[in-house]
Amino acid sequence: MTASSEILSSLPMEVLLFFNRWFTLLYVLLTGAIFIYKGMYLPYPPTGAYTWEVVFLCLYYIIDRTRIFQASKGNKTEQVFPLVTACLLTLPCVISLAYYISLQTYVLQLDVILNAIGLVFLGLESIFGPITTLRLLRASRF
């Protein structure tokens, strides 16, 4: 096997991204259902916090799906730029999950569990992403 035909993509990262795709969909659906419950049974202040929390959930979904797509694309095609983009998009996702785990108006136990699982996925992808990127960079220099 020559150096140019060596497979550099990361199978563990791709498996993690596959499961994170499904978890993100489940997370948004469950969190949306939780927001419906909170809106019906809990007294939100009239500052518009409820609306902003729902809007931020939609933005989180868009950013996270884009991040997962870019990471998967970069991993499968062995390109550095999509992987770097995915690594940069991890920061807003972490901030969003950290907000939903502790700073939103009402935090239920299910919120804590779902957001903790999401942070674990992001943490693992934050490990595999840079490792794969460095592997690709090192291989492209020679």
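Note that Cβ sites are derived from N, Cα and C of the backbone, with glycine treated the same way.
What you are looking at is a predicted structure, and each value in this text was computed from that prediction instead of being measured.
Here's what TrEMBL has on this protein:
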- 15-37: transmembrane segment (TRANSMEM)
- 49-68: transmembrane segment (TRANSMEM)
- 80-101: transmembrane segment (TRANSMEM)
- 113-137: transmembrane segment (TRANSMEM)
Would you mind listing the long-range same-chain contacts of the transmembrane segment (80-101), meaning Cβ under 8 Å and 6+ residues beyond its ends? 31, 53, 56-57, 59-60, 63-64, 66-68, 70-71, 73-74, 107, 111-112, 115-116, 118-119, 122, 125-126, 129-130, 132-133, 136-137, 140
Can at least 3 Cβ pairs under 8 A be found between the transmembrane segment (49-68) and the transmembrane segment (15-37), with each pair 6 or more apart in sequence? yes
